[in-house]
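Participant: In case it's useful when we look at the structure, here is the feature table from TrEMBL:
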TRANSMEM  20-39  transmembrane segment
TRANSMEM  51-73  transmembrane segment
TRANSMEM  100-126  transmembrane segment
TRANSMEM  138-162  transmembrane segment
TRANSMEM  168-189  transmembrane segment
TRANSMEM  244-266  transmembrane segment
TRANSMEM  286-318  transmembrane segment
TRANSMEM  338-360  transmembrane segment
TRANSMEM  366-388  transmembrane segment
TRANSMEM  400-419  transmembrane segment
TRANSMEM  425-444  transmembrane segment
Amino acid sequence: MLARKLSTKGDTLYLERRVGLFSGVALIVGTMIGSGIFVSPTGLLIRTGSIGLSFIIWAACGAMSLLGALAYAELGTMNPSSGAEYAYLMDAFGPMPAFLFSWISTLILKPSQVAIICLSFAKYAVEAFVDECGSSDYVVKIVAVLSILIITYINCYSVNLATGVQNAFTAAKLVAVFVVVAGGVYKIIQGRTEHFRNYFENTTTSMGDVATAFYSGLWAYDGWNNLNYVTEEIKNPSKNIPKAIYISIPLVTMCYLLVNVAYLTIMSPDEIVRNEAVAVTFGIRALGSIAWVIPLSITISTFGSANGTLFAAGRLCFAASREGHLMHVLSYIHIKKLTPMPSIIFHSIITIVMVASGTINSLIDFFSFTAWIFYGSAMLALLVMRYTRPDVPRPYKVPIIIPLTIFVISLYLVVAPIIDKPQIEYLYSVIFMIAGMIFYVPFVRLGYKFRIIDRWTVIIQLLLQVAPTKLVLPD
């Protein structure tokens with residue numbers, strides 16, 4: 001059927017393993033370091049009340065991300081199919097929980113995540129070309145949509161191009177982080193340490209505030225599980241997944257802590273709380289005539305993060321569709337480029353709608369709340385399969401205390417905000433899950449589908465030159 005080597009077996013297409021260790025590290029680092037470190041310090045400091053507790057939560061979020069990722073490494077090496085939580089919930093609990101995850105993630109979580117990142121990219125990109133009066137929301141949204149179209153083209157054109165862009169932008173953003181940290185070190189040498197006193201003054205005593213502070217921190221760390229979405233494309237996943245995690249997440253944690261130290265050499269905690277663009281203010285005060293480096297760095301950082309997030313999101317939609325939980329055509333891949341083109345385009349369309357709606361900012365708490373429901377569910381899946389599937393090969397295995405700890409923490413992050421400060425976003429999550437269960441019965445469980453779906457499948461196949469795939473296990 002095709003002349004390409006290692007891309008077909010018989011007449012069946014499958015995804016090639018073209019993501020190595022360096023690209024795996026770049027995917028994790030590149031998606032974790034996005035807009036969060038430039039935005040989250042303000043929200044986190046507001047909710048904690050003190051720099052001492054804020055630093056503890058920054059470090060704790062890094063530790064949680066590392067432990068969660070190591071637990072995911074066990075799941076990913078035990079089940080080498082793409083889709084992350086979707087695949088693990090399917091193994092442990094069956095099709096209904098897996099469908100609910102794919103339903104919410106494909107239609108809300110992943111598109112909203114890409115939309116938020118692209119809006120952040122557009123905001124800083126536009127600000128570089130406007131005066132003090134600022135830019136209009138209309139212009140920002142146009143630039144955000146253009147950025148979505150560009151990363152869609154990159155991810156549809158080639159896996160090698162997408163990972164190459166990710167590698168390059170990850171290197172660039174690490175250089176930008178180094179510039180910020182170096183500026184902070186220079187200020188400390190000059191004696192600017194007055195903001196590092198009274199670490200725990202005004203610390204909050206509200207458990208709900210602590211939980212939502214974790215939301216702000218964990219939003220900056222989100223992306224620690226993205227490698228599991230592309231397991232089918234990772235070279236030697238049983239070794240490269242754990243290695244990539246051990247390299248990338250401690251690196252990101254160190255970067256975040258040092259960047260926050262750098263901010264405090266220039267701004268007081270009160271100034272950070274009142275400032276929505278902490279990094280830009282830092283650049284103006286610390287870098288002087290080269291302050292433009294900061295908006296440029298944020299633009300690079302957010303574009304790379306959006307590219308990596310869409311790369312992973314397309315694989316989730318691909319995996320769920322292959323199991324019949326979404327339209328089957330979304331599991332097809334391009335016959336020559338071997339990219340999951342329909343699922344990437346589908347995600348991009350929903351993301352563009354979210355950008356145009358202008359309601360993205362309110363989705364951040366919704367995103368964190370809902371995401372940790374499923375992160376906790378994945379930990380529970382690991383615990384359950386330790387007893388229901390004890391003989392399944394596990395090339396990498398973590399102590400059982402790790403998934404148990406993350407599961408308990410996820411329960412706290414979900415329950416504490418509801419009890420202390422209930423928000424309408426939490427109700428949206430529950431309503432959407434109920435809607436998913438209603439949709440599941442006729443269209444998935446009973447297999448009903450509209451006749452027009454088959455016609456659309458043929459049209460999409462001919463238009464995009466895509467064909468069905470098959471899961472191929474690693475050697």
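Positions of Cβ are set from backbone N, Cα and C atoms, glycine also.
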Participant: Do at least three CB pairs under 8 A connect the transmembrane segment (138-162) and the transmembrane segment (338-360), leaving out pairs fewer than 6 apart in sequence?
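Facilitator: With 3 or more qualifying Cβ pairs, these stretches touch.
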Participant: Looking at the transmembrane segment (286-318) and the transmembrane segment (400-419), are there 3+ C-beta pairs under 8 A, with each pair at least 6 apart in sequence?
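Facilitator: No, the transmembrane segment (286-318) and the transmembrane segment (400-419) are not in contact.
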Participant: Within the same chain, where does the transmembrane segment (366-388) have neighbours whose Cβ lies under 8 angstroms from its own Cβ atoms, ignoring anything closer than 6 residues to its ends? I mean 6 or more beyond.
Facilitator: 68, 71-72, 74-75, 78, 84-85, 88-89, 91-93, 97, 101, 104-105, 108-109, 112-113, 116, 215, 218-219, 222, 225, 400, 403-404, 406-407, 410-411, 413-414, 417, 425-426, 428-429
Participant: So if I exclude everything within five residues of the ends of the transmembrane segment (168-189), which remaining residues of that chain have a CB under 8 angstroms from its CBs? That is, six or more out.
Facilitator: 25-26, 29-30, 33, 37, 255, 258-259, 261-263, 265-266, 279, 282, 286-287, 293-294, 296-298, 300-301, 303-304, 307
Participant: With pairs fewer than 6 apart in sequence excluded, do the transmembrane segment (20-39) and the transmembrane segment (100-126) have three or more C-beta pairs that lie under 8 Å?
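Facilitator: They are in contact.
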Participant: Checking distant contacts: for the transmembrane segment (400-419), what same-chain residues at least six beyond its ends satisfy Cβ-Cβ under 8 A?
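Facilitator: Those are 64, 67-68, 70-71, 207-208, 210-212, 214-215, 218, 365, 368-369, 372-373, 375-376, 379-380, 382-383, 386, 426, in sequence order.
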Participant: Name the range, of those listed as 20-39, 51-73, 138-162, that has the largest tally of Cβ pairs under 8 Å with the transmembrane segment (244-266).
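Facilitator: Maximum Cβ contact count belongs to 51-73.
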